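Written below as C-alpha cells is the structure these notes are about.
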C-alpha cells in the first residue's frame, strides 16, 4: 500500500511524473499521425481509418474496464444515462466530421502541413466568439494572432502550389473542431440544466467508451456508403499491422489526454497541447525526411511564437474572468438576500407597485442615483417622494379598479424609515404626489448600487 501511494505521488504530483505523462502523450500522438500517413501511402482509405479508430478506442476502453473489474476490483462498464447520451451524440457528429476531413487532408499533404494549418484554431475561435457572440478580447490576444497567421502562411506557402485541396480539407477540419469546442460547451451546460442532478459519475474509460462507441455506431452507414468492406486490409499485411498500431496509439493518446486534463489546469493543458503540436510537426518532418526550406522553417517558428503568445493572453483573460465570476456570485447573493428582505417586510395589506423591483422599502433612495439607471421610466424628480397631497397622472397598470393609500403628514426624523410614498390607482392611471421642492431627499441616505 505504501509503495502504491508512493508511485501515485511520483506519477501525478511531482514534475517527473508530469513530464513522463506529457512525453508519452507526445509519442503516442506522433505515432498515430505517422502511421496514418504510412497507411495512406499504401491504401487511401480516410473514412475506413477514422471508422476503425473510433472502434479501436471503444474496444480497448471496454477491455480495460472489464480487466479492471475482474482483477483489480475497480469500476467496470457503467450503464449510460440520458445525460451521457445527450452530450455524446451531438459531439460525435463533430468528431466524425473533423477526423474524416483531417484524414482526407493527410492523404494529400504532409502531416507537418496538416498540423501547421490546425494551429490556426485560435484565430477561428477568436473570430467566432467576436462576431457571433460579441465577445471582446484583450489587445494581447489580437496581437498574438499576427505572428500565428503569418507563420502558417509562410509554412504553407510551398503547399499552395502543390495541393490546394489538401489545405482546404485541413482548414475544414480545423473549423469543425473549433465549432465542437464552442457548441460543445453549450451542449454540456444545457444538459446539466436539464439533468436530474444524479450523483452518478463516470470515469475516464467509461467516457471514452461511450463517446467513441456512439461515434462508431453513427459512422457505420457513412463508412458503408463511402468505402465499405473493400477497403479493409488483409490480416497479417503491413497495412493491417499499421492499423493495429494506429488504433493502440490513438487509444493511448486519448486516455493520456484525459489524464493530463484531470490533473493540471486548462492553461497548463493548452501549453502542453501547443508543445505536442510542435513535437508532431518536427517528428513527422524527420520521420518522412521531408525537405524543408528556410521559409517553411521560419513559418513554423512564427507559428509556435504565435501559439505561445495566445496561451499567455488566455492566462490573463482567465484571471479577469475569475474576478468577474466572483463579482457576479457576490451580486447574485446580494440580490437573493434583498428579495428575502422584501418578502419578509410587514405589509399593510396592500401590495406596493415596487414589490419585486429590488428596492428596499425601509431605505428611501436619492433620485439622482436611481432615476438615471431606469430606462423608459415615468419617474422624475417632480413626481415622487413628497409630503404634499397634490398628484400628477402617470401611466401604469393596475388590477384593482380603485385602491387608495393615505400618506402621513408627520415627516420627522424619528419615523423616517416608516414613510410611504402616496399613490393612487385609478383605472390604469398611477398618480404620484408632487414634492414641495425640487429635491426632497437631501437628508436620506444614498442607495449604493
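The backbone N, Cα and C atoms fix where each Cβ goes, and this holds for glycine too.
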Given ranges 234-254, 255-275, the stretch to which Swiss-Prot attaches the annotation transmembrane segment: 255-275
Residue from 231, 319, 355 to which Swiss-Prot assigns phosphotyrosine: 355
Listed residues 352, 377, with the one flagged phosphoserine by Swiss-Prot: 352
Among 195, 348, residue with annotation phosphoserine (source: Swiss-Prot): 348
Long-range neighbours of the transmembrane segment (136-156), counting only residues six or more past its ends (CB under 8 A): 113, 116-117, 119-120, 122-123, 126, 129-130, 167, 295-296, 298-307, 309-310, 312-314, 316-317
Recorded stretches the transmembrane segment (109-129) and the transmembrane segment (255-275) touching, at least 3 CB pairs under 8 Å: no
Same-chain residues near the transmembrane segment (205-225), Cβ under 8 Å, at least 6 residues beyond its ends: 47-48, 50-51, 54-55, 57-58, 61-62, 64-65, 68, 75, 77-78, 80, 84-85, 88-89, 91-93, 95-96, 100, 251, 254-255, 258
Cβ contacts under 8 Å made by the transmembrane segment (47-67) with residues that lie 6+ beyond its boundaries: 36, 39-40, 75-77, 95-96, 99-100, 103, 205-206, 208-209, 212-213, 215-216, 219-220, 222-223, 226-227, 231-232, 243, 246-248, 250-251, 254-255
Contact set, same chain, for the transmembrane segment (278-298): CB under 8 Å, 6 or more residues outside the stretch: 26, 29-30, 33-34, 37, 110-112, 115-116, 151, 154-155, 157-158, 304
